[in-house]
Amino acid sequence: MEIILAEPRGFCAGVKRAVDILAITLEKYKNERQVYVLHEIVHNKYIVEGFKKQGVVFVSSIEDIKDNRGILIFSAHGVSKSIEDEAKRKGVQVIDATCPLVSKVHKEAKRYEDSGKELILIGHENHPEVKGIIGRVSNPISLVQTMQDVYNLQIKDPDNLSYVTQTTLSIDDTKEIIATLKLRFPSITGPDLKDICYATQNRQNAVKKLAKITDVVLIVGSKNSSNSNRLLDLCISTGKRAYLIDNYKCMNKNWLQGAEKIGITAGASAPDILVDELVNYLKINMNTKVSVMPDGFTENVQFKYTKW
């Protein structure tokens, strides 16, 4: 039995930046000021639980902050303008760990609105990133999740229309939705697939290749991770067996029955340690060898960190 690792996999630059910002803040202010994070810093159970053990308090609203002397960190997914304003009124120090690629979408949405465009957002309802984008503009945004949503759209002025997208969507699904939007509204403007995060695209392209050369694919990532779920969907769409797991403890050996080659990848919010533990578990229990997929590559993207 052989393990084949996808490349690239795991942490993207935006997730690494957010996790590092939280770790540095915690180290700088430990024993002095309480560190809060609005929602999960990234969608990964291992990361969140690790920070909880170090004293970080994760809150679901600004009202949950008990100590106004505390420090509040906005997660990688970004927040609405109203939440920013509420934090200012609360008087807490804010450190923004929003992924720069998400911030780019915020600016695009505002720019379209300022130019008088009616806006469509391609994204998943209730995802924190989507809530943040919607909350960056004053006028209502039409949310599109499926092709059927495109057909159901009620638009005031089809000739004055723009769209933006969530950064962690399926490239293939989004491409179809954009094509349908352009077919129905020929004058619509938008960024094509440029708003889909580079890491999301790279991991989806890699997992497609991985599915072709393996019998079963294991995706390391949390159930609430949008990009991890898209990797799962992609594998299943190819007809391959695929499973999304938080860590090696979630493994079921029956999943691997009849498999000679096991593909392993990880969502953009899953740390390397979880992949390493899974590989070690399989090496010990299944007598496997390990290789990296052909044509893989290492990402070299880095984002500037917030100054504080």
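Even glycines carry a Cβ here, placed using N, Cα and C.
Cβ-based neighbour count (10 Å, all protein chains) for E129 (active site, proton donor) stands at 24. Feature annotation from Swiss-Prot assigns active site, proton donor to E129.
In the three-state DSSP scheme, C197 ([4Fe-4S] cluster binding site) falls into the coil class. Around C197 ([4Fe-4S] cluster binding site), the C-beta neighbours below 8 angstroms that are at least 6 residues distant in the chain are C12, G14, C99, L101, T167, T168, N227, A268. For C12, C99, C197, the entry in Swiss-Prot reads [4Fe-4S] cluster binding site, with the evidence type sequence analysis.
According to Swiss-Prot, the (2E)-4-hydroxy-3-methylbut-2-enyl diphosphate binding site annotation covers H43, H77, H127, T167, S225, S226, N227, S269, on the basis of sequence analysis. The Cβ of S269 ((2E)-4-hydroxy-3-methylbut-2-enyl diphosphate binding site) lies under 8 Å from the Cβ of F11, C12, V15, V42, H43, N44, I47, A76, G221, S222, S225, N227, S228, each on the same chain and at least six residues away in sequence.
If you look up Swiss-Prot, you'll see H43, H77, H127, S225, S226, N227, S269 marked as dimethylallyl diphosphate binding site. DSSP gives H43 ((2E)-4-hydroxy-3-methylbut-2-enyl diphosphate binding site) a coil state; it is part of no helix or strand.
The isopentenyl diphosphate binding site annotation in Swiss-Prot covers H43, H77, H127, S225, S226, N227, S269 and rests on sequence analysis.
Between the alpha carbons (Cα) of H77 ((2E)-4-hydroxy-3-methylbut-2-enyl diphosphate binding site) and E129 (active site, proton donor) lies a span of roughly 5 Å. According to DSSP, C99 ([4Fe-4S] cluster binding site) sits in a coil region rather than a helix or strand. Annotation note: N227 ((2E)-4-hydroxy-3-methylbut-2-enyl diphosphate binding site) sits in a helical segment as assigned by DSSP. Among the record's isopentenyl diphosphate binders, H43, H77, H127, S225, S226, N227, S269, no two C-alpha atoms are more than 15 Å apart, and one pair sits at exactly that spread.
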